[in-house]
Amino acid sequence: MRLILLGPPGAGKGTQAASIVEKYHIPHISTGDIFRYNIKQGTELGKKAKSYMDQGLLVPDEVVVEIVEDRLKKEDCENGFLLDGFPRTVVQAEALDKALVDMNISLDKVINIQVDKERLIERAVGRRICRECGATFHVQYNPSTKGALCDQCGGELYQRDDDNEETVTRRIEVYLSETTPLVEYYSSQNKLVTIDGDKKINEVFANIVTSLGSDL
């Protein structure tokens, strides 16, 4: 199963990604992770990417595609993969399509998790994180039974500085402006499946599995 996962910040993408890779026995490929890996290992691609980042420049699409393509050629991707965080633009999507053709493979589906903007803001603004163990809670949907302390370790819960309405709204708007053309691109290829992310976690996953033509 060769998949791409799309979804705005706060849509629960990370949770669903973990379930998808476990069910289909495929690697979860996050562009952030493979960038960090290549830079840490000092690979040629890592050095190339770092040279742009050190200057405060965006890494060009061709370098990003090269790094992703290199990762997709690894042995653990033989039975598929879940791409997360790439592509972000139609130009990157076209470059990825070309790279996949060169590798004699193609995408199966692009999963687009949708949640209303108001609900995304509500989710982010109510999020609380433990300073000690990193556990995540929500004041409304998943509160700690210990109030301002973590259920798991008793650590202090705090709200991230960027989990405020203004910043979250801006993040969502940037995401939508980038991703709307991408959604249209994959829709025109009949590869897009849109999933309502405003349901219980297990319901969202069940809908993803059904959309991929599988059984739970």
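Each Cβ is built from the backbone N, Cα and C atoms, and glycine gets one as well.
Per Swiss-Prot, the ATP site holds GLY10, ALA11, GLY12, LYS13, GLY14, THR15, THR136, PHE137, LYS199; the candidate it also names there, chosen from ARG2, ARG127, is ARG127. Cross-referencing 30-59, 90-119 with Swiss-Prot places the feature region 'NMP' at 30-59. Around the Cβ of ARG160 (AMP binding site), the number of neighbouring Cβ atoms within 10 Å comes to 11.
Residues 66-68, 70-71, 83-86 of the same chain lie 6+ residues outside the region 'NMP' (30-59) yet bring a C-beta within less than 8 angstroms of a C-beta in it. Proximity of PHE86 (AMP binding site) to non-local residues of its own chain (separation of 6 or more, Cβ distance below 8 Å) is seen for ILE4, THR31, VAL64, VAL68, GLN92, LEU96, given in sequence order. When the alpha carbons of LEU57 (AMP binding site) and GLY10 (ATP binding site) are compared, the span between them is 27 angstrom. In sequence order, THR136, PHE137, HIS138, GLN159, ARG160, ASP163 constitute the residues six or more apart from ARG127 (ATP binding site) in its chain with CB-CB distances below 8 Å. The record gives CYS130, CYS133, CYS150, CYS153 for Zn(2+). Within 8 Å of the mean position of their Cβ atoms, the other Cβ atoms in that chain belong to ARG131, GLU132, GLY134, ALA135, ASP151, GLN152, GLY154, GLY155, LEU157.
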